Every structure is written in structure tokens, then in C-alpha cells.
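All remarks here apply to the structure that follows.
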Amino acid sequence: MTTTIEHAQAAPTPPWHRRAIERARRRGIDVRTLPTGAAGIILAVMLVYGEIAYGQVLQASTLSNLLINNAHFVILAVGLSFVILAGGIDLSVGAVIAVSSVAGVMLVGAGWPTPLAIAAMIGIGTAFGTASGVLVQHFGVQPFIATLAMMFLARGLASMLSTTPQRLPDDSSFRLLGEPWKLIDGPRVNDLMASAGLVVAVVVVVVAAIVLQRTRFGRTVYAIGGSESSAALMGLRVPRTKLAIYVISGTLAGVAAVVYTARLGTAQNITGMGWELTAIAAVVIGGTLLTGGYGYVVGSVIGALVLGLMTVLITRDGGVPPEMTTIITGGILFVFVMLQRAVVRRRR
Amino acid sequence: MTATTTRERLGALASTPLVWGLVAIVVLLAINSLRDPGYLGVELAESGRLTGNPIDILRTAAPLLMIALGMTLVVATGGIDLSVGSAMVIGGAVSMEMLQAGDGSVGSAMAALGMALLITAVLGAINGLLVAFVGLQPFITTLVTMLAGRGLAKVITEGQNTSASNEAFRWIANGTVLGAPVVFLIALAILVIVVVLVRTTALGMLIESIGIDPKASRMAGIDRRSLLVAVYVISGVLGGVAGVFATGSVMTVDVSNTGLLLELDAILAVVVGGTALTGGRFSLAGAAIGALLIATLDKTVVFLGVSSAATPAFKAVVIVALCLLQSATIRERLSRVRLRAPRREVTA
């Protein structure tokens, strides 16, 4: 049968419909960027629609708030991209944010200097990531189960630390990280703003993009996602890389916890419930294949912003009952997956 | 000669995950008995119902047992069903709304039950159709229905936690037959029915074949698509049954918490029972043991006076312990110890 031959030919390009690939090639487009490009277009459409329907969307203050409020979520999605690109999954990130932020706020409350508390928070993330990675790499536990265990552990530890909301002291220098800066003082409240958290997110995105596209490590991540055994046969450092992606994802969850806590000023053991699934949704919306091997960090950023913008638009609309939000989130995810399939039809 | 065979037999036993699940249950019960020697006591109360901790455990295990059964079949096809928790809350919401509108008769209880199962079957069918005919990944598909499903439950009850009263419906969750809890008897009956259906016919083998190699099973003439739809429908309906169990005991549906994150417990039960998430060989008895283990663990944590919010941490410990015991690396080391053991006996 021809299926095996087609498989061999399709190996260097994504497993999408050949005609779609040819069409894209003729127009000089790299077919691998299509799903991410589609996500970008849809984000733009959402922005324009929001501006037309509700007004005051395409303006400096709304856009900078969108970025500032979703900075932690972008960081989380970038961390997950590493894992998903390599064909793994990390369910622990939401719970890691909970334990890291509760511990951090309690440490600051106990009189720890801010830099030390921040280092501890990121360290907690790294520790959980390392534990997941060791379970997956050295004990052959399935990623889903290993990170599920770490999710339970992190959530349980957060609840042991405290089950009540913990507040950062009002005069803590930790809060400065979340403080918005006015870059351009616009008319009335229409200011262009940024925050230290946003700067951290931008740095994370840029570094992650460079690492994934321009380094040996990044190429190994993609190779593992494409085919782990081929990557190993090619002599790539598969074990080390597989451990590293979970460490990266855990560490970035710790960083996201710092950014989120600084902005909010409080932390609770139930923080981040279900965020792992929303972050996975963001990565998928951004065009990354859940089976690994194809996708871009930029896509995950777009995915995170699409979900953030959706919340903004729902609030602006005002007529949408709150119980509809999860239906809309599910619907958007569904529409994106279907649209991506329409743009680049996967071969069965 | 006999010594080797016993050892071999022990070794074979030790490599069955199901046995480790049983061992874990026994250990937990032993811990509880150490704290309170009368822990395992079962008494026949004056009202003619059996009371005691073991009965409580069986009662709490029933909903989880239901969704773990459905999950096992889905996982065996190489899929995953994240929407079972949402199926639970939809089943609960539908039946509570129907009962509130009904007249409290047995007939209205039957109608509510029927409607709950019908709606959850539709939810399962949507999953199945999207996976089998549209070709979406099970993870994404059921993530969408999970998000949308909980929203749907909230829309059904208009965001309220609906309560109702109906003796016949309450009996399902709280009643007893010959002293034994009805809810567990029903769960047991469904377990037996599913096992008979799957194991005495070729159905189980066909499901396994889809999970092992979809292409080969298609070439062997297996109707993969219908089977997939059937499996997701079963999972949805069993989720509905679990929802009826869970809401029937308190006669209230908590739209934001009923069945929340229970899909993860179900997946855990399945994996503890020795079904690999990669699909193929599955064990329904193992999933039942897994569900009992999780119920025992939940009860133990509360019994030992730890905050129930911290339960996840103990779950994590159990998962990690079981995964490590099952991992090849650890087993290799253990078997080396076992080989050395008889020599030590001789010198002693």
C-alpha cells in the first residue's frame, strides 16, 4: 500500500494534506507557520470586532491592560510550549503556581527580603519541574501521570501551608513588580502602560523563541516531538532534553507565580485551579500540535492573548451571563481547532 | 524446585499492578486500624442497615467506580475522556431540575434518571463523533466538552445550586437492600454487566485492537468509528450515573463543584489498575480496585485528622509510590535483591 511511502515522504513536513502543502509552497509560505498565522489573523479579527461592537478596544490603555493582566498566563503558556513541542504534557503548572505564590507571600510576611522570596518561589517551581522530569525520564512514568502526581502534591502542599487567602504587606517591595508604569500619558485614562511583570514576560518569550529556533537544544526539542526514537538514533541528547523541558516548564510556572502574585498582592491555595488546561488550550489555539513536533512560541502567546481578550470582550458585552463563559471558552477552542483543520487539512 | 516456582509466582504477582493497588488498600486500612482497632467493624444498626467505615468507603467509591469504568474503555482505545466530571454535573443538574419540577413520585424519579442518562449519552456521542468522524484528538475534544459541559450545567440550573426532594431518587444514593448500600450494589451490578459484555464477547478484544494499532484494526475490518462512538457514549452515560449517585446523596447539585477534577481521579484509578494511557490492554477489575483505593485514601486522610484540602498531597505520594514500584528501573533493582535473598538465608 502507498500509505507507508507517503509517510516516509511526509516526514520532514507536517502530516497535513499534501494539496494544502503544495498550495502553500506555490505561494512561498512555510506550511508550518499556517496554523499560527491563522491564530494571529483570528486575534486581529477579534480585536477589530471588539472595537466595532463595543468601542475603546484598539486603544493604548485597553491593550496595555490586556498585556499586563495576562503576563503570567503568557509565561505559563511559553513553559508548556516546550513540553508540548517535545510531545509531553505538564498538568502541574496551575498547582505549582498555587504552592509557589502561597509560600512566597508567607515568606515575605515572615520578613524575608523580596529578592530571596522571589528566588524561593522560582526555586519551588524548578523543584516540581525537576521531580516531574526525573519521574518521566528516569523511571519511565507517563508524562500525564507524573505531572498529575506533581499537580496533586503541589495542590496538597499549598493547602497544608494555608487554606485562607494570604496578603502581601502593603509596603512590601514585592508589589512594585506588579505596579503599572505610565510610558505615555495619554488623554484622560488612555495611557500606554507596562509593568515589570510584562517586561519579564517579554524577555521570557524572546529568550524561549531564540532557544527553540536557534539552538541545538531547541532543535532537539522539536526532534523529540517528531519522533523520539529517531532523535535518539540521530545521537541527539534525548534524556537530558526530556528532563530539561520539565525543569523549564516548572521554573516558568514559578516565574508566572511571581508575576501573578506581585500584580494581585494576594495568594491562595486554590489559585490556578484548572489553569493547566486553559494554558494547554492557549498552546493549541496558537497552532502547536498536541502530539508534538510542530508549533511556535509566538503561537502560544497569541493563544494566551486570544483567551484573555475573550474575557475582556465578554465583560464589555455585559449581556453574557457569567455561567456562559466556560461554554464560550470551549466553543472558541473548538472553533480554532476546526479552523486550523480547514486551513491545513490533516491527512487521515 | 518448589522454592523457585513460588518465587516466580510471587514475582509474577508483584508485576501485576492490580496487586499493588490491593496492597495499598490493605496498608491504608491497617494504618487506620492501628489508630482505632475498631475501624474495620461493621455493625447492623437497628434500622436494618449496615454501618461502619468499610461500608462508608464502598458508598463513596461508587461514583468514582462508575466513571473509572467508562474511562478504562476510552483509555483502552488510546483516547482519554476529560469530560466525565462535567457529565457528572450535567447528570446531577438535569435530574435535580426535573425533580424540582416533578411531583415527588417514583415516576418523576424515573423520568429524571432517564433524562439525565439521555443528556449525558448525547454529550458522550458528541465526543465520540468528533473523535471518530472529524478526527480531532481525544484530549482536545473532551477538553472542549469538559469546559462547555460545566457551563451547560450552570445554564441548566441558571447558575443556582438546585435542590429537590424525592424519596425514590434519594433511595438510589442513600437506600439499603438487606442492609447493604444500594448505590454500591448498583455500581457492582454495572461493573459485572460491563465486564461480562466486554470479556465474554469479542468487544473487549476489538477495543484493545483499536488502542494497539488503529490502522491494523481498520485493515482487519473492524468498524473503528462505531466502536469509538460507543465507547465515548458509555463513558458519558456512566458519568451521568455517577452524577446521579453524587447528587442523590445530598439531593443538591453544586454546579461549580460536583464532579470537579474527578476526571483526574478516574484516570488515576485506571492507571493504578494497570491500564496504560497509551491504549491497548485494559483491566476493568484493576480500575475498580483503583477507585476503591482512592476512596479509601480520601477516608483515611480525613480519619487521620488532616485537612481534606491536603488530600491531594497524599494521593501524590500513593501515585509516585505505585509508579515507582511499577517502573522497570526499580523492579530491576528489586529483583536483584530477591535473587540475593536465598543466599543470605544459607549463611544465616
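Numbers run from 1 along the shown chain.
Glycine is no exception: its Cβ is also placed from the backbone N, Cα and C atoms.
Since this is a predicted model, take the numbers as computed values, not measurements.
Feature list (source: TrEMBL):
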- A:33-54: transmembrane segment (TRANSMEM)
- A:66-86: transmembrane segment (TRANSMEM)
- A:93-112: transmembrane segment (TRANSMEM)
- A:118-136: transmembrane segment (TRANSMEM)
- A:143-161: transmembrane segment (TRANSMEM)
- A:192-212: transmembrane segment (TRANSMEM)
- A:243-261: transmembrane segment (TRANSMEM)
- A:273-290: transmembrane segment (TRANSMEM)
- A:297-315: transmembrane segment (TRANSMEM)
- A:327-344: transmembrane segment (TRANSMEM)
(request) For the transmembrane segment (A:66-86) and the transmembrane segment (A:93-112), check the count of CB pairs under 8 Å (sequence separation 6 or more) and say whether it reaches 3 or more. (result) yes
(message) Please report, as numbers and ranges, the same-chain residues at least 6 past the borders of the transmembrane segment (A:33-54) whose CB is under 8 Å from any CB of it.
(response) 20, 24, 285-288, 294-296, 298-299, 302-303, 305-306, 309-310, 312-313, 316-317, 336, 339-340, 343-344
(message) Can you see whether the transmembrane segment (A:273-290) and the transmembrane segment (A:93-112) are touching - at least 3 CB pairs under 8 angstroms, only pairs 6 or more apart in sequence?
(response) yes
(message) Which range wins on Cβ pairs under 8 Å with the transmembrane segment (A:118-136): A:93-112, A:143-161, A:192-212, A:243-261?
(response) A:243-261
(message) Applying the under-8 angstroms CB criterion, which one of A:93-112, A:143-161, A:192-212 scores highest with the transmembrane segment (A:243-261)?
(response) A:93-112
(message) Using a Cβ cut-off under 8 Å, which residues of the same chain at least 6 positions beyond either end of the transmembrane segment (A:143-161) come close to it?
(response) 83, 88-92, 94-96, 98-99, 102-103, 106, 128, 131-132, 135-136, 246, 269, 271, 276
